[in-house]
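Note sheet for the following structure.
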Amino acid sequence: MDSAAVEIDGSVMEGGGQILRVSAALSCITGSAIKIIKIRAGRSTPGLSRPQHLTGLQLVSDLCSGSLQGASIGSTDISLTPGKVRSGNHTADTQTAGSVCLLLQAALPCALYADAASQLLLKGGTNAEMAPQIDYTVKVFKPIVEKFGVHFDCDIRMRGYYPKGGGEVAVTAQPLKELQPVSMTDRGNITKIHGRAFVAGVLPFKLAKDMSAAAVRTIRKEIKELYINIQPVQEKEKACGNGNGIIIIAESSTGCLFAGSALGKKGVYADKVGIEAAEMLLRNIRHNGCVDEFLQDQLIIFMALAKGTSRIRTGAVTLHTQTAIHIAEQLTQAKFTITKSEDELSSGVTYIIECQGSGVVNPNL
C-alpha cells in the first residue's frame, strides 16, 4: 500500500456507490493512489454489497492497469493504485441486473484519457431501479456530455431486466487531449416532449399503451401547447426477461434536456408508472434550470477535469451532487462554488454550480 495514497471516507454525505465510482475514475485519470474506507458504512448492507460496485471497481482497475486490494463482496475498505490508462477491449459483467449505466459512469471518464479508442462491453441490467435507464444515458447524458468534447457510441445489443439482467451494451469511447468547459445557464423554452413506453417478455402490449396515455394526460394538465409523442413499444428479440417502464424527455430551445422515468413493478398499475414518470419530468422542468436532478451529479467529474470555467444552472442541488463535488475537490485541483440565483421565470430558486476546472491533459496522446 502506497503511503501517499489519498484516504477517502466512503461513509460521508450520500455515502453510497457514487463515492466509489467518482473516486476510482479520478484515481485512474490523475494517477493518484486512493484508499476508500468505511464503504457504504451507513447502509443496511454495508461494504461492497452489490455486484455492480465490485464490477465497476474491477473495470476501472482494468482500464488503468491498476492494482486493486480489498475488492471482494462485503469489503468495507479498498485501495487502488493506478497504472497507465490503456485502450482496447474491456469487458465487465455484473452477472445480475446490476446497472450497466453505473458501470459506464465510472469507466467512461477513464477511457477518455487512453492513447486510442476503447471498447467497453458492459453486461447486466439496462433498465434498473436506482440507476439511470440506458435510454437516459443515450438520449440525455450523451448529447450533454458531448458539449465537453466527449465522443462515445453506445450500441444496445440486448436489454436486461430485474432480477436476471442479461443485458448487453457495447460502448466505443474516443480519447481526447483535454475536456472543454461548458456553460449552461439559459434554459430557453421547452420545445419538444417525446418518449418511449416499453414492455418486454410475457407482459401485454396494453401496459405500454396505458403508461403512455397516463403520462400524456398528466403532462397535458400543465403543458397544453406542445404535441407529446410517447411511443408504446413491445420489445421482442432484443430483450432478456420481463419488464416494463417509461422514459419521457423534454428538449429546450437552447439544447437543454430533461427526463422523467419509471419502471413497472409487480402489483403496480401501468397508469401509476406513467404518472410517476410524468410528474418527475414536470418537477425537473418547473425549476427552470438547465439540467435535471439526475444529470446534475453526473456532470461534476467532467467539470472538474475540464480546462477552464464551467457554469451550470440547476434546481435544488442534490446530495449526490454535493458528494461528487466533495470527492472531485479532494482528488483534483478543481474548485467549485454554488450560488443561489433568484430567477423571475421560475417558481423556485435556481443555483449556479461553477467550477474552475483542473485542466487535466491526456498524457497518452
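Even glycines carry a Cβ here, placed using N, Cα and C.
These figures come from a predicted structure and were not determined experimentally.
If you look up TrEMBL, you'll see His320 marked as active site, tele-AMP-histidine intermediate. Summarising the annotation, TrEMBL assigns ATP binding site to Gln105, Phe294, Leu295, Gln296, Asp297, Gln298. Annotation source TrEMBL lists domain 'RNA 3'-terminal phosphate cyclase' at 13-338. Under the heading domain 'RNA 3'-terminal phosphate cyclase insert', TrEMBL lists 185-285.
All features noted in TrEMBL, drawn onto the structure.
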| residue | record | Cβ neighbours (10 Å) |
| --- | --- | --- |
| Gln105 | ATP binding site | 23 |
| Phe294 | ATP binding site | 20 |
| Leu295 | ATP binding site | 25 |
| Gln296 | ATP binding site | 24 |
| Asp297 | ATP binding site | 23 |
| Gln298 | ATP binding site | 25 |
| His320 | active site, tele-AMP-histidine intermediate | 20 |
Cα distance, His320 (active site, tele-AMP-histidine intermediate) to Gln298 (ATP binding site), nearest Å?
9
Counts of helix, strand and coil residues, the domain 'RNA 3'-terminal phosphate cyclase insert' (185-285), according to DSSP:
34 helix, 38 strand, 29 coil
Between the Cα atoms of His320 (active site, tele-AMP-histidine intermediate) and Asp297 (ATP binding site), what distance do you get, rounded to the nearest Å?
6
Mean pLDDT for the domain 'RNA 3'-terminal phosphate cyclase' (13-338), as a whole number?
96
For the recorded ATP site, whose residues are Gln105, Phe294, Leu295, Gln296, Asp297, Gln298, find every other residue on that chain with a C-beta no more than 8 angstroms from the centre of their C-beta atoms, and list them by sequence position.
Pro132, Phe141, Val291, Glu293, Leu299, Ile300, His320, Thr321
